[in-house]
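Database features, via TrEMBL:
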{"type": "ACT_SITE", "residues": "B:HIS444", "note": "active site, proton acceptor"}
{"type": "BINDING", "residues": "B:LYS59, B:THR150, B:GLY151, B:SER152, B:ASP314", "note": "FAD binding site"}
{"type": "BINDING", "residues": "B:GLY187, B:ALA188, B:GLY189, B:PHE190, B:ILE191, B:GLY192, B:LEU193, B:GLU194, B:GLY274", "note": "NAD(+) binding site"}
{"type": "DISULFID", "residues": "B:CYS50-B:CYS55", "note": "disulfide bond"}
{"type": "DOMAIN", "residues": "B:13-329", "note": "domain 'FAD/NAD(P)-binding'"}
{"type": "DOMAIN", "residues": "B:349-451", "note": "domain 'Pyridine nucleotide-disulphide oxidoreductase dimerisation'"}
There are 2 protein chains.
Amino acid sequence: MTLTNLPAGPRSYDLVVVGAGPGGFDAATEAAALGIKVALVEKDLLGGTCLNVGCIPTKLYLGATSPVEDLAAQVKAKIATGNIEIDFEALCTKKDRFTGATRKAMAQKLKALNIDFYHAAAKIIEQGKVEVSHHNETAVLEYKNLVLATGSHPTVFPGLEPDNETVLDNTGFLALTEMTKSLLVIGAGFIGLEMAQIAHRTGTEITVVDALDRIAMYEDPEVSKTLHSVFKRNKWNIKLGVKVKSVTAENGKAVLRTEDGEEIIADKALIAVGRRPNSKDLGLENCGASTVGPGFVKINENLEAAPNVYAIGDLNGNVLLAHAASHQAGYVVRRITGKDKGPYTHAPVPSILYGSPETMRVGLMVKDLEGKGEIKVSSFPLVANPIAQSYASTQGFVKVVWLDDKVAGITAVGHHVSGFTTAAAMIVQEAWTEEDLHKVIFPHPSLDEALLGALKADKQLPK
Amino acid sequence: MTLTNLPAGPRSYDLVVVGAGPGGFDAATEAAALGIKVALVEKDLLGGTCLNVGCIPTKLYLGATSPVEDLAAQVKAKIATGNIEIDFEALCTKKDRFTGATRKAMAQKLKALNIDFYHAAAKIIEQGKVEVSHHNETAVLEYKNLVLATGSHPTVFPGLEPDNETVLDNTGFLALTEMTKSLLVIGAGFIGLEMAQIAHRTGTEITVVDALDRIAMYEDPEVSKTLHSVFKRNKWNIKLGVKVKSVTAENGKAVLRTEDGEEIIADKALIAVGRRPNSKDLGLENCGASTVGPGFVKINENLEAAPNVYAIGDLNGNVLLAHAASHQAGYVVRRITGKDKGPYTHAPVPSILYGSPETMRVGLMVKDLEGKGEIKVSSFPLVANPIAQSYASTQGFVKVVWLDDKVAGITAVGHHVSGFTTAAAMIVQEAWTEEDLHKVIFPHPSLDEALLGALKADKQLPK
């Protein structure tokens, strides 16, 4: 919908939301469902990074290619023989069709809720007013409340600029209609490791480099170790502690040069070295808001960047995950409709790495708790779980972190461990003690029993 | 360990447990871990039906063969091509190896906890005394507390007696080292449907007959309908409302004859028409205990069949699921060690059908709640979930049953829906209202969001 298509009349709203990713879309629709007048402004696609070039396409690719790994595990266990070929172009088309259908459903929901949608960029011009612009057209929207949910973009370091032909970012990778023969992944975080697994499953030769001394550095060190061991067995070339000087396209190849003068060459490279907030050009200074660090919008305990101006999701840098943005959106809507006086309560934010194996983490890990009380850990190996045995994928474990005999955090690595993430989030949220263990009946047999096993296991001091 | 191998001396115990399935084993080990003197009596194998000829082998088979269905879904979606052959003999060997290793680990645990193990049958001879016998040897054990956890066996109707060559029960099916070309399954409950799926995945032609008018009759009718639709698409021959007169082996074939004179012939038949408690020969009358219905031991609100004599698990007919037995075991141990005065609190018992699709159910369904208050249902279709999309398995849904605006039950059918069973059990246990929805952050994207979607969906009167 362009600006000229909008009905004439006052552009005055109870709530203006900028950004239609998971946080912004949820804020707009939940508020409108409560009967307040809402405008949603998005300069790009409905659904934001997550739907279009982030978590959703990645999981579509990982789910669709998972039989490759599942079969490989059974072949290795000598239970099955066979082969699987992925039609990568068909998968890409399916992804485009699904994200397109989802955007269409989102647009219908906006319409059904009488939300005015502006396909435009937004800039605060003074407290209470946002200018929206698309090509040469502009309009001014008046707001009582403003939610900024503009998300983030891939970090670009000098010398590592993607051309999205040979040197790719997430957008370039997900636009490929043919998988490359060899892929060099720079950055062993979530995005790099998930995309590397997709490529691996289509037969691509994988090299992963990272400046740090372990992969998945946000995870518990033992989780990183298990991941590393599985990926090495997959014949990935993993190079740690690498100081990357440049990654450039040369004669159709991606060439990485290190500070030490080493060269690594692959058909394509994927740059996945973190994300930066989209806070430039928002006119933050015009309402008294400010930023910290690489541009994260500074907020108070009510998620306010200025009075009645909220910054949620990746933009505030709190947790860069879609479901954290949605949870913050829910709070802001409750707050502006008078149902929650605040402050914002941080529920435990679960985090999942999909693939083979998967990782899940929720709550606090040992390193987060040092000095806060008596820390213990208890764990359970997946090899003792019959469902893990059935998948012939028994490497991995569940680990529970206890603070003063209450569950403070849970993490796991292994096949399908994402399955018990919500249960784990609830257990952390409720800070279970041993006494709570018999409140709930875990199904038998199930992978969830590995979580129960870890909760019941002897507690030990962390190593 | 035979009786003669036991040390001489008084055979007097704080607790004697009869039956070493999930309920009995947990009762014995949890009690011994608290320092009380325990004897465990089992006439057959450690682990009981569940480990040896029930849920564990079945899930090992289903997990190992799951790539066949997962690939088929992607092939149908035109994302993949390929083929998978299952080496059924290797799978059977793996199963035997895993169950053997588990029994060994169980025996080691008994030893470590100083539990006296009697490989023997048990019979109460008077209140306070159990006679154990193995071949011609006997001994008398004195107990302060007795836990009866002898489980159940397959129901045998006249004319449908298995020979375990051509006409099989669960034990016969799981002993097959080669899968049959055609299988006739009598009984469309959990056991029949899971085993039929295993056979289907190895290329077996499947016929399922049931006396009732729908399959999976314990499930919500809409869940049954979805299962039926998927199995029909798998080209199963499903015959409902069939009155079976006999199933016999004739010239190496299984022949089913109906009351109406119809014949159905297959290479093998599987009889899965329910289970009966193992309560005969326990000497129940000698301690004042009695049975109801087909032999279920009658218990009071403390799970007692007589003073200090507890009957748990399948034997009391409460819920015939291993995890219900384990939960009851935990209660009995807390009770006899003075930690819980009772009565036994029934936590919601989750129930899962594994396969493709899976079903999960926990708490109460619409039919259980009639007349108890205002019943509403809310639901979410899997087709709208990106993880279901990624598996190319989008048929199915999650349904929440509300009683007076509190969650009373949750059920689902679809690929991998077992994954959120524990979370659902916790939500039912806590009887969530709409207000609880923002307490917990569900991971995004995840299949669990289909559960969240159902919790958030408009509530409607049940059809």
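Glycine too: its Cβ is placed from the backbone N, Cα and C atoms.
TrEMBL labels come from automatic prediction, so no person has curated them.
Remember, it's a predicted structure, so these values are computed and weren't measured experimentally.
Everything TrEMBL records as a feature, shown here on the structure.
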residue: B:CYS50; record: disulfide bond; CB count, 10 Å: 26
residue: B:CYS55; record: disulfide bond; CB count, 10 Å: 24
residue: B:THR150; record: FAD binding site; CB count, 10 Å: 30
residue: B:GLY151; record: FAD binding site; CB count, 10 Å: 27
residue: B:SER152; record: FAD binding site; CB count, 10 Å: 23
residue: B:GLY187; record: NAD(+) binding site; CB count, 10 Å: 25
residue: B:ILE191; record: NAD(+) binding site; CB count, 10 Å: 24
residue: B:LEU193; record: NAD(+) binding site; CB count, 10 Å: 23
residue: B:GLY274; record: NAD(+) binding site; CB count, 10 Å: 15
residue: B:ASP314; record: FAD binding site; CB count, 10 Å: 31
Neighbours of B:GLY187, B:ALA188, B:GLY189, B:PHE190, B:ILE191, B:GLY192, B:LEU193, B:GLU194, B:GLY274 excl. site residues, C-beta within 8 Å of centre, NAD(+): B:VAL185, B:MET195, B:ALA216, B:ALA272
Candidate recorded positions B:CYS55, B:GLY189, B:LEU193, pick with smallest Cα gap to B:THR150 (FAD binding site): B:CYS55
Cβ under 8 Å to chain A, applied to recorded positions B:GLY187, B:GLY274, B:HIS444: B:HIS444
When distances run from the Cα of the residue listed as 'active site, proton acceptor' to each of the recorded positions B:CYS55, B:LYS59, B:SER152, B:LEU193, B:ASP314, the nearest one: B:LYS59
Helix-strand-coil residue split for the domain 'Pyridine nucleotide-disulphide oxidoreductase dimerisation' (B:349-451), DSSP-based: 34 helix, 32 strand, 37 coil
Neighbours of B:CYS55 (disulfide bond) among the binding-site residues B:SER152, B:GLY187, B:GLY189, B:ILE191, B:GLY274, B:ASP314 (Cα to Cα, within 10 Å): B:ILE191
Cβ neighbour count (within 10 Å, all chains shown) around B:LYS59 (FAD binding site): 23
Cα-to-Cα gap, B:GLY151 (FAD binding site) vs B:ILE191 (NAD(+) binding site), nearest whole Å: 16
B:SER152 (FAD binding site) in three-state DSSP notation: strand
Taking residues B:LYS59, B:THR150, B:GLY151, B:SER152, B:ASP314, which bind FAD in the record, the widest Cα spacing (Å, whole number): 22
Closest of B:CYS50, B:LYS59, B:SER152, B:ASP314 to B:LEU193 (NAD(+) binding site), Cα positions, recorded positions only: B:LYS59
Three-state secondary structure, which DSSP defines for B:CYS50 (disulfide bond): helix
Within the predicted model, mean pLDDT of the domain 'FAD/NAD(P)-binding' (B:13-329): 97
Secondary-structure category, per DSSP, in which B:GLY274 (NAD(+) binding site) falls: coil
Other CB atoms within 10 A, centred on B:HIS444 (active site, proton acceptor): 23
Between B:SER152 (FAD binding site) and B:GLY187 (NAD(+) binding site): CA-CA distance (Å): 17
